[in-house]
Amino acid sequence: MTVAKGNSTSVLQHIEAGLNVLNQLCIGFVTIWICWNCLRTGLTGIRLHVWLVSFGFVFLMAEAMMCFYDGNWLTLRYTRQRKTAIHVVLQILGGGMGVAGCLVQLIRDHWSISVTIHARLGFAAFILCLISLLSGLAAVLARSLSRVCSPLSNKTFHVLLSMGAFVTAMLAQFYGYTQTGIFKDQGADFVILMQVVTLVSMVLTCIAPLKSLYQKALSFAS
C-alpha cells in the first residue's frame, strides 16, 4: 500500500510538472507575441495599455501566483523566504503595471467605462488588483496583525482575492483580443489561438492558488 501510494504521488508530481511546463510555454507565447507586436509599432495610444496590462497580469502576476507552487520547477529549490521575496517583487511589479495600464486607458477614455465586456472586466480587475495589493501587504505583516486577524485567515483572504483579480484580468484579456480592434489584422484564426492559449494559461495558473486554498482548508479543519 505504501509503495502504491508513493507511485501515485510520483505520477501526480510528474503530471503537475508537465502542466507547469505547458503553462510556462503558454505564458511565454502570449507575452512575447504581445510585447513584440506592441514594441515594434510603438507604445502609443491603446498599445501602451495593452503592453502594460499584458506584461503585468499575464506574465508577472501569473509567475507571482506560482512562486510557492511545488510543481513550479523555476522556484522549486528556493527557500520559503526566497520565494516570499520573489512573490512580493513580482506581485508589486505585475499589479503596478496592470493598474498603470488600466489608468492609461481610463485617462484616454476621459474616465468613462465602455459598455464592452472587456472594459467592464478590465475595470473590475483594476479594483480587485488594488485591493489585492493591500491584502498582500497585510499578508506580509500577518504576524504583526495577529491580534486583529489570524495569519491563516489573512493569507487565505489574500490568495482568494489575488486569484479573483487574476482570473478577471485574464478574462478581460480574452475579450480584448476581439474588442480592442488592434488585433484584427492578425487574422481570425490567430486571434482564436491567442484566446485559447490565454484561457489554458489562466486555468493552469489557478492550480497553484487552488492547491494552496485546499491546504489552508485542511489547516482550518484541524
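The backbone N, Cα and C atoms fix where each Cβ goes, glycine too.
Feature annotations, courtesy of TrEMBL:
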DOMAIN    18-213  domain 'Cytochrome b561'
TRANSMEM  21-42  transmembrane segment
TRANSMEM  48-68  transmembrane segment
TRANSMEM  88-107  transmembrane segment
TRANSMEM  119-145  transmembrane segment
TRANSMEM  157-178  transmembrane segment
TRANSMEM  190-210  transmembrane segment
- Query: What same-chain residues lie close to the transmembrane segment (48-68): Cβ under 8 Å, and 6 or more beyond its ends?
  - Reply: 20, 23, 27, 30-31, 34-35, 38-39, 74-75, 80, 83-84, 86-87, 90-91, 93-102, 104-105, 108, 122, 125, 129, 162-163, 165-166, 169-170, 172-173, 176, 180, 182, 198, 201, 205-206, 208-209, 212
- Message: Counting only residues 6 or more past its boundaries, what in the same chain has a CB within less than 8 Å of a CB in the transmembrane segment (190-210)?
- Response: 16, 19-20, 22-23, 26-27, 29-30, 33, 58, 62, 65-66, 68-69, 71-72, 159-160, 162-163, 166-167, 170-171, 173-174, 177-178, 183-184
- Item | Beyond the flanks of the transmembrane segment (88-107) by 6 or more, those residues with Cβ under 8 Å of it | 46, 48-57, 59-64, 67, 113, 122-123, 125-126, 129-130, 132-133, 136, 140, 162, 165, 169
